[in-house]
Amino acid sequence: MSNHLSSDSDISSTESMLCGGIAGMVSRFCIAPLDVVKIRLQLQKDGSRYYRGIFQTMQQIVRDEGVTALWKGNIPAELLYVFYGATQFVTYHHVNQVINAYNETAEKWKISSGAQSFIAGATAGAGATIATYPFDLFRTLFAAQGAKNCNVKNYTSLFQTFKLIYKTEGPLGFFRGVSSSIISIAPYMGLFFASYGRVKDSLDAFSNKHHDLLVSYNLPTKGWQEATAGLCAGTASKALVFPLDTIRKRLQTQGRMDVSYKELSGKPGVQRLLDSYNPFVMARRIIVAEGCRGLYKGFLVSLIKSAPTSAITMYTFEKSLSILRWWKAQGKSLEA
């Protein structure tokens, strides 16, 4: 089975965008509950023991707010994942094309396939993050304010949240914490795409070599490579960059979960609530107040979330591409 994310893939920009958007939408809906749990754990300050682990947190949310609370903030999150997936995959495709063109003309200092996947993945991750960051911000705020120990209800809808942040902080308010997001997501996606390609190629080779053995044990020979490669790549990449994700969530909610944020909207006094846009300052605060382990709050649930997310995303991307091409082929055959 071919790897449609390889540097020499024949996939088009339209296919990348459409299949990337579908993959983002499907994966988001499946992992939304784990994302809500992760955000609650990440934003819980040291000393509070209201949420004490994945399953207890999930049970507590359902008990306090109902089952639908596990999909709280899902509308902005779905928009985030659809646009993020589409932007990420089409950017990855175009960066690969640029590097291919460079390698064809370069006499020396050519970029290796592994480095190419990392560069294309990192660029795609950074570009998609910037393009969709306001949706990520809204998703975090909606998920955070649902907590039982949070008495703030500043945000009621996408439009109301947009107006409130714009009035209080101006256009730059929609991008608070974006630097830490880029710092965390760029290497994460670079590592993800680089390792995904390697792992999938190895799994394809294994499947081809041991085809008869797999058949003899009634094991599938196709369809599992994408999900398995995505799972492995997502797990390894997430483990390396998680502290930066915690810093990003703290920057996004800092001050905005304060009762007086809404009251001070449009007034100079609001700046006292928004005293740090610096990820390094935020990292120092977390370490001083909570120790280094504060940077890893919600790590287990994030790891559990990122693995199936990556698996579902890559599987859906490859399968939706296969369906799209089958549909196009059927159309051509009917015309003929």
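Every residue gets a Cβ built from N, Cα and C, even glycine.
Fair warning: this is a prediction, and the values are worked out from it, not measured in the lab.
These come from Swiss-Prot:
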{"type": "REPEAT", "residues": "11-98", "note": "repeat 'Solcar 1'"}
{"type": "TRANSMEM", "residues": "17-37", "note": "transmembrane segment"}
{"type": "TRANSMEM", "residues": "66-86", "note": "transmembrane segment"}
{"type": "REPEAT", "residues": "112-202", "note": "repeat 'Solcar 2'"}
{"type": "TRANSMEM", "residues": "118-138", "note": "transmembrane segment"}
{"type": "TRANSMEM", "residues": "177-197", "note": "transmembrane segment"}
{"type": "REPEAT", "residues": "221-323", "note": "repeat 'Solcar 3'"}
{"type": "TRANSMEM", "residues": "228-244", "note": "transmembrane segment"}
{"type": "TRANSMEM", "residues": "298-315", "note": "transmembrane segment"}
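Where the transmembrane segment (118-138) meets the stretches 66-86, 177-197, 228-244, 298-315, the count of C-beta pairs under 8 angstroms peaks at 177-197.
Across the repeat 'Solcar 3' (221-323), the model assigns an average pLDDT of 78. For the repeat 'Solcar 2' (112-202), the DSSP-based tally of helix, strand and coil residues reads 74 helix, 0 strand, 17 coil. According to DSSP, the repeat 'Solcar 1' (11-98) comprises 73 helix, 0 strand, 15 coil.
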